[in-house]
């Protein structure tokens, strides 16, 4: 049967049923109990993310399709993050496009209107042509769906590493807006509701949930990848929002198809589904395939019988298939019938409560012997600043219609966080952050670090983080070293979100990101954080003669840094000091509201040098004195490329105000230099470094490699 179930799981369900499941039931169990759908190796840890917050309307403990938080004035935002990693490795265009479609349907399943998308893409070395092909088609897929459906892509991440040569990661986050009293659940609480299915069911995406719950074998069928139809997706979006008041619950048909959607929507009650009533794209489909098909652009609604006609009429106006396929029952049994014959009859609770697993762990935290860095400064600057992770992503953003719906306030690339306007007049900032290199060194510090970095990035536009979702991407959890990094990353994320009092209201776990030889990717947890602008919004601008102020203390912590990655520098990973991140962020927000700064950049990937380079690409020069840097090392390379947390580079005409404000908060700040008109020149301790070639690389790299690839 090609099942992914473990022998212990098969024995467990036999005992619970006191019988042998039939072949179709095995396929249903395989889908519902898949790691992709059940979180059987992770759910016990995810509960630690739950934070009681008065703003949370729908959180992680509710375990619904998306999280929701109150933003005031009767409004709520809905937020979700998802991935389509395995499908994108096989068919990058449709894999990425259907990832966008799926997350949009998760947002509208709450009755919310999607207002923003973010994409976080990680691929392998671009010297390998396959990776160029993957990236180009991933971007094309995201653009094709997002542009067609009318939801702007407002930001994201793009990074490169050999670890993703066979396993690209394609993450998509979405934000929606809804009146808080109009939020729809994905589950029901009473029997008698009719199950209404919108959309055609085909043979694409068969076994997709199971496919996503194992490593890539090199022999996977492209049939496991769903086919995107953005125009149908637009119809689903518009009509779902139109009929939301007429339905009791809404659920996207994602992983596991109807098998999972019906089971989860029943929420401990039961359901009867008549397979012959399901509209098909392909004639004479096998009933078992109909149950687990993951054809896109389908939604399941639980509807009072009196409203069924009105709901389906809305779809009929667009000639979009809509059919009553069953109903919710009081008997806690999930039944799929075919012309009156039960093909599947399984207890709801048995399906919803798979065996949970705690796998062995092996401590892989590295103890590194510190050595003095002895690298030539000039070539080190040129090499690090030329790295693809640091180049402009403008070519990528240009593929997206990021201004559709006119809610985008800060266009992608113009700041460290995306900013969109809300119906209540407030501004919402959004940022995604991950750091797989740091996670490879110390997953616990990495977990703290990505939360802190997202928080700092929001501060640079004047926002304070208020809600987050996480995406945890790892290899095979049964491997002790993989499971250890997973558990440690969760520990770090949980500690940081509790410190900042930022509830995680949802997320995703993606295991089995391995190549055909069983080599896992670097641990890649991701945080997407959103927060309201607290007063004034900062749109970065560079002015001649502005003072360069370094906010925060620099430490010789190069482990997991871009410098360490390129030059194999042995060093300890940074210790994330959350109090410093919080206080330095407060200084930045205060300075923005007092209009004391014109530019703010958190120091992260590439260290201080990369942040200074971010000023230079605006058409200016920068001169600094490394002797002014407050640090525990006098090594110039270490000071320039350390990625210690809690730091910012800011531009101001009132540097003493910044220093005094920082001192009042208990944070160090130092005036390290000035901006000048020496275009593309970085002056360090009175020595000029001409970065003109690096600046050209910054603006043209992606178009030259991908656009012409």
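From the backbone N, Cα and C atoms, a Cβ is placed for every residue, glycine too.
Copied over from Swiss-Prot:
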- 36: active site (ACT_SITE)
- 39, 80, 470, 507: ATP binding site (BINDING)
- 82: Mg(2+) 1 binding site (BINDING)
- 83, 84, 85, 86, 105, 226, 294, 295, 296, 510: substrate binding site (BINDING)
- 84: active site, proton acceptor (ACT_SITE)
- 106, 252: Mg(2+) 2 binding site (BINDING)
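Structural mapping of features recorded in Swiss-Prot.
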{"residue": "39", "record": "ATP binding site", "contacts (Cβ under 8 Å, 6+ apart)": "46, 509"}
{"residue": "80", "record": "ATP binding site", "contacts (Cβ under 8 Å, 6+ apart)": "65, 66, 67, 103, 106, 107, 173, 174, 469, 506"}
{"residue": "83", "record": "substrate binding site", "contacts (Cβ under 8 Å, 6+ apart)": "99, 169, 170, 171, 172, 471, 473, 508, 510"}
{"residue": "84", "record": "active site, proton acceptor", "contacts (Cβ under 8 Å, 6+ apart)": "95, 96, 98, 99, 102, 170, 172"}
{"residue": "252", "record": "Mg(2+) 2 binding site", "contacts (Cβ under 8 Å, 6+ apart)": "65, 102, 105, 106, 109, 261, 298, 299, 300"}
{"residue": "470", "record": "ATP binding site", "contacts (Cβ under 8 Å, 6+ apart)": "49, 81, 493, 504, 507, 508, 525, 526, 527, 528"}
Distance [Cα-Cα, Å, rounded] between residue 85 (substrate binding site) and residue 36 (active site): 12
Alpha-carbon spacing, residue 82 (Mg(2+) 1 binding site) to residue 294 (substrate binding site), which is rounded to whole Å: 16
ATP site span - longest C-alpha distance across 39, 80, 470, 507, in Å: 16
Where the residue listed as 'active site' falls in three-state DSSP terms: helix
Integer Å distance between the CA atoms belonging to the residue listed as 'active site' and residue 294 (substrate binding site): 13
Rounded to the nearest Å - Cα separation of the residue listed as 'active site' and residue 296 (substrate binding site): 17
Packing count at residue 85 (substrate binding site) (other Cβ atoms within 10 Å of its Cβ): 23
Assigned element (helix, strand, coil) containing residue 80 (ATP binding site), judged by DSSP: strand
Greatest C-beta neighbour count within 10 angstroms, which of the binding-site residues 82, 106, 294: 294
Shell of the ATP site beyond 39, 80, 470, 507, same chain only (C-beta within 8 angstroms of their C-beta centre): 46, 60, 81, 469, 471, 472, 504, 506, 508, 509
Where residue 106 (Mg(2+) 2 binding site) falls in three-state DSSP terms: helix
Cβ neighbour count within 10 Å of residue 36 (active site): 25
Span of 83, 84, 85, 86, 105, 226, 294, 295, 296, 510 around substrate - largest C-alpha separation, Å: 21
